[in-house]
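A.B. asks: Structure provided below as structure tokens; questions to follow.
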């Protein structure tokens with residue numbers, strides 16, 4: 001084999017000087033991948049629904065709608081224009097933000113390159129800043145959201161990029177001309193300072209038309225310029241030291257004039273919009289700021305967080321100190337970072353709804369953190385190894401922050417409010433003739449229309465502040481023929497602060513299911529007008545509560561299908577005021593006394609807590625126990641227990657703490673629902689011999705609401721398996737297929753569905769749910785499951 005020509009080899013070899021540029025290019029490609037990956041995996045949420053609704057309007061109608069909102073129309077106009085090319089799907093809308101997210105990383109690289117100023121010792125600084133921005137979870141999250149915040153951040157970054165460029169041009173202009181440094185043609189001499197000035201105006205105007213918080217960015221840029229002019233330019237020997245200041249003021253006047261047509265609307269909207277947010281202490285606010293800059297709104301973050309906060313704060317301070325080689329750059333980045341944080345403190349905006357305003361400061365944090373390794377370049381006699389080690393440490397810090405959060409974010413259906421998942425569920429189980437969707441915040445209507453599963457919708461309250469009589473009348477009229485109400489509660493404190501809607505539902509319906517889908521609370525209510533009282537002698541609990549009577553949806557035993565609910569009304573009273581708050585748990589138990597389903601809550605759906613009861617008052621306490629999909633058909637028992645709300649301690653009566661409420665017959669499902677609508681913690685869809693394991697849930701017993709609660713030796717673990725029979729059933733389908741479950745030192749062998757529903761009774765394609773419990777005695781926390789001779793290792797359980 002012949003040797004490669006040396007000239008050709010040189011063309012394909014990356015020199016040491018070219019390597020940082022190659023790393024920048026690779027980081028930009030990585031940024032694009034991370035921003036477009038799983039772009040439409042999570043649901044559109046409420047505000048994105050508003051963006052989608054704008055696409056059906058003309059540009060004039062968008063302006064009119066924005067005039068009644070808290071955002072100017074700039075982003076919506078851009079999104080409308082983009083949709084004419086890309087369409088109006090979730091992926092198409094979000095792709096605009098993804099492209100802007102990549103542009104943001106490129107602008108951060110451009111600022112870092114300008115700050116490095118061809119200093120060979122700083123050649124890796126732009127590469128490191130680009131990488132930190134590329135993998136930053138905060139930036140990635142908002143690069144995958146169809147809202148204006150990524151555009152806002154690009155415009156803020158563009159303002160500072162243009163500002164630094166103008167300052168460089170000013171320095172060159174103030175120096176004695178050198179023909180080797182300056183272009184000789186007049187057009188070139190004029191274009192050199194005019195281009196960054198024009199970009200400053202363009203980014204400034206666009207920012208004002210994008211978001212009402214943008215003036216804080218212009219203020220930070222203006223403060224940076226004024227300090228620079230006061231310290232340096234005014235002391236120069238130029239004949240007209242005020243000329244740069246006057247030019248800068250002229251640029252800002254141009255920006256204001258371009259926004260002048262919308263300025264009265266902006267002032268009116270900002271002054272009259274309802275205030276929100278939370279004022280918090282300095283340390284708590286700084287911790288929340290660092291958490292947001294590192295991880296954004298992602299729900300899964302590394303624990304503990306304090307080492308991340310400490311390192312992030314340290315890198316920020318060290319980086320700003322390192323950038324003092326160019327004092328104006330250090331000052332500008334510092335003010336850029338400080339301005340949004342100061343706004344958050346000054347206006348008391350530290351709440352989930354407003355933390356996204358910190359996104360404008362994210363590029364400044366990336367630049368400052370990336371500069372940290374170069375502090376020691378300025379120290380005399382410093383070891384050359386130290387900056388290299390610190391560079392690798394910063395690289396590892398950024399990689400670690402991304403690696404500990406992004407994998408779960410990309411596959412988390414609750415990364416945003418899960419309207420998409422709820423709509424799929426309702427499409428599978430809903431009946432347009434008898435079911436109703438209720439939206440407590442009318443602003444949810446746009447996003448719900450995007451996913452519309454075909455059920456009738458009622459949006460209440462219809463106005464702010466809500467009219468109690470109107471709310472009650474509308475609910476009564478809409479629910480006359482309804483069987484179930486699927487309520488989507490969002491921003492309840494603002495939409496319905498008196499909880500008129502939820503209070504009526506709790507008093508007149510049975511809450512059968514409640515789950516958080518991101519920041520969206522999904523609640524299922526069942527309506528029953530003709531309850532059947534059962535023979536019952538009043539029982540007095542030892543805390544003074546008396547159960548006067550029991551009513552249920554059907555005569556005993558109730559017949560219920562999976563996906564529906566067993567209904568129980570408990571009628572309470574007390575002879576003396578109660579000082580504590582108590583909860584009631586109504587549970588569905590199988591023949592092994594395993595809890596199959598339950599409904600827990602304070603009496604009256606939480607609207608009549610026990611410490612507010614009056615002696616002699618009758619309290620109607622509705623409970624609906626939803627029968628999970630896949631529950632085997634058969635006879636089950638309903639029981640109730642009473643416990644202290646703050647400690648979980650059960651309250652006894654006559655030496656017992658569980659009261660039998662009668663029997664329930666769960667009927668065979670007519671057809672299995674799509675497994676995608678079933679809340680399964682770990683999805684597997686793996687064949688174990690002849691049967692498919694669809695997935696499973698695993699948690700410490702009693703902690704289904706918090707499955708990541710760590711185990712200690714001696715704790716019982718609940719595992720809920722979802723099995724699916726093959727279709728068609730094979731001729732050698734076993735009469736009773738067995739499973740073996742191992743956890744550390746414990747081992748359990750049992751039929752797949754616990755014995756009451758042998759596999760021989762399953763039908764083709766049937767989904768079957770089984771509940772198992774096993775005690776963790778220590779050792780390996782990864783359960784091992786064996787079925788039909790096939791073994792798999794499940795996910796490790798959290799252990800303390």
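In case you wondered, yes, glycine gets a Cβ from its N, Cα and C as well.
A TrEMBL annotation is a machine prediction, not a hand-curated record.
Just lifted these from TrEMBL, have a look:
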TRANSMEM  21-38  transmembrane segment
TRANSMEM  91-112  transmembrane segment
TRANSMEM  124-142  transmembrane segment
TRANSMEM  148-169  transmembrane segment
TRANSMEM  190-209  transmembrane segment
TRANSMEM  215-233  transmembrane segment
TRANSMEM  245-263  transmembrane segment
TRANSMEM  305-323  transmembrane segment
TRANSMEM  328-351  transmembrane segment
TRANSMEM  357-376  transmembrane segment
TRANSMEM  388-410  transmembrane segment
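Please situate the listed features within the shown structure.
C.D. replies: Long-range contacts of the transmembrane segment (21-38) within the same chain, counting only residues at least 6 positions beyond its ends with a Cβ under 8 Å from a Cβ of the stretch, are 14, 95, 97-98, 101-102, 105-106, 109, 124, 126-127, 130-131, 133-135, 140, 143-144, 402, 406, 410-411.
For the transmembrane segment (91-112), same-chain residues at least 6 beyond its ends with a Cβ under 8 Å from one of its own Cβ atoms are 24, 27-28, 31-32, 35-36, 39-40, 48, 51-52, 55, 78-79, 82-83, 125-126, 129-130, 133-134, 139-140, 142-147, 150-151, 153-154, 157-158, 160-161, 164, 363, 366-367, 370.
For the transmembrane segment (124-142), the list of distant contacts is 20-21, 23-24, 27-28, 30-31, 34-35, 97, 101, 104-105, 108-109, 111-113, 115-116, 149-150, 153, 292-298, 356, 358-359, 362-363, 366-367, 369-371, 373-374, 391, 394-395, 398-399, 401-402, 405-406, 409, 415: same-chain residues at least six beyond its ends, Cβ to Cβ under 8 Å.
Cβ atoms under 8 Å from those of the transmembrane segment (190-209) belong to residues 72-74, 151-152, 155-156, 158-159, 161-163, 165-166, 169-170, 172-173, 182-183, 215, 217-218, 247, 251-252, 254-255, 258-259, 262 of the same chain, restricted to positions at least 6 beyond its ends.
Counting same-chain residues at least six beyond the ends of the transmembrane segment (215-233), those with a Cβ under 8 angstroms from any Cβ of the stretch are 155-156, 159-160, 163, 167, 170, 174, 204, 207-208, 241, 244-245, 248, 252, 255, 328, 331-332, 335-336, 338-340, 342-343, 360.
Residues 72, 166, 197, 200-201, 204-205, 208-209, 218, 222, 225-226, 229, 233 of the same chain lie 6+ residues outside the transmembrane segment (245-263) yet bring a C-beta within less than 8 angstroms of a C-beta in it.
Long-range contacts of the transmembrane segment (305-323) within its own chain (CB-CB distance under 8 A, at least 6 residues past either end) are made by residues 115, 286-287, 290-291, 293-294, 329-330, 333-334, 337, 365, 367-375, 377-378, 394, 397, 401.
Sequence-distant contacts of the transmembrane segment (388-410) (same chain, at least 6 residues past either end, Cβ-Cβ under 8 Å): 34, 37-38, 41, 124, 128, 131-132, 135-137, 140-141, 294-295, 298, 300-302, 308, 311-312, 315, 369-370, 372-373, 376.
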A.B. asks: Are there residues at least 6 beyond the ends of the transmembrane segment (328-351) whose Cβ is under 8 Å from a Cβ of it, and what are they?
C.D. replies: 115, 156, 160, 163-164, 167, 213, 216-217, 219-221, 223-224, 227-228, 232, 276-280, 282, 284-285, 288-289, 316, 320-321, 357-358, 360-361, 363-365, 367-368
